[in-house]
Amino acid sequence: MTDNNRVVVLLSGSGTTLQAILDQQNQYSYQVVGVLSNRPEAYGLERALHAGVDTQCLDHKLYSSREQFDLELMEHIDRYNPDLIVLAGYMRILSSAFVEHYQGKLINIHPSLLPKHKGLNTYQSALDAGDKEHGTSVHFVTEELDSGSVVMQAALEITPSDTAKTLEQRVKVMEHHLYPKAIDWIVSGRIDIKDDVISLDNKPLGPQGYRIAEQNIVTEH
């Protein structure tokens, strides 16, 4: 493992994405050192405990403002001395101070081929737009929603029989392979960001990052 492999995961729900990250931890160079949630009932906390990972919960309802909550959350995160903060179904809008504090160290995964279909309901949006393909993007987080530099994308062809539900199921499978791979590439130093430009192995990538097709998502290294 590298010396810069410490990962903290933020989540709000069941933790299926976290589980994929944990399940593939041994084959990659990252180490999940902490999992934090804003919801006490989040099953993702149980998943982390079962894997022997330290957990913390800060109930956002107990704080008077988003800024106050994020300041305390930052204090808890920083105790882990993380190299990367991973959003995995974290359903909170982040304050400017939070995003700035972790600039270049904070990533998210979004179920579309950014910059297409930012926000919610991306599967139906892709169908309504008549898109030929859909997918998922790992990107660095900025203050503007779903607008940070894209690290990697995984794409699939939309079939005539696809619905929003089937698209979601297919994309989720890709996400559970793409996100651990992206985390590994970042903490191992293969991925670098400078002036909002992403490089892989010192070679600049285009605005959509490194793209992997659905059929290659498991085997691509």
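Cβ atoms are placed via backbone N, Cα and C, with glycine included.
ASN108 is the residue from ASN108, ASN121 that TrEMBL records in the (6R)-10-formyltetrahydrofolate site together with ARG66, MET91, ARG92, ILE93, LEU94. Neighbour density for LEU94 ((6R)-10-formyltetrahydrofolate binding site): within 10 A of its CB lie 22 other CB atoms from the protein chains shown. Classification of ARG66 ((6R)-10-formyltetrahydrofolate binding site) by DSSP places it within a helix. Sorted by the number of other CB atoms within 10 A, the binding-site residues MET91, ILE93 start with ILE93, the lowest.
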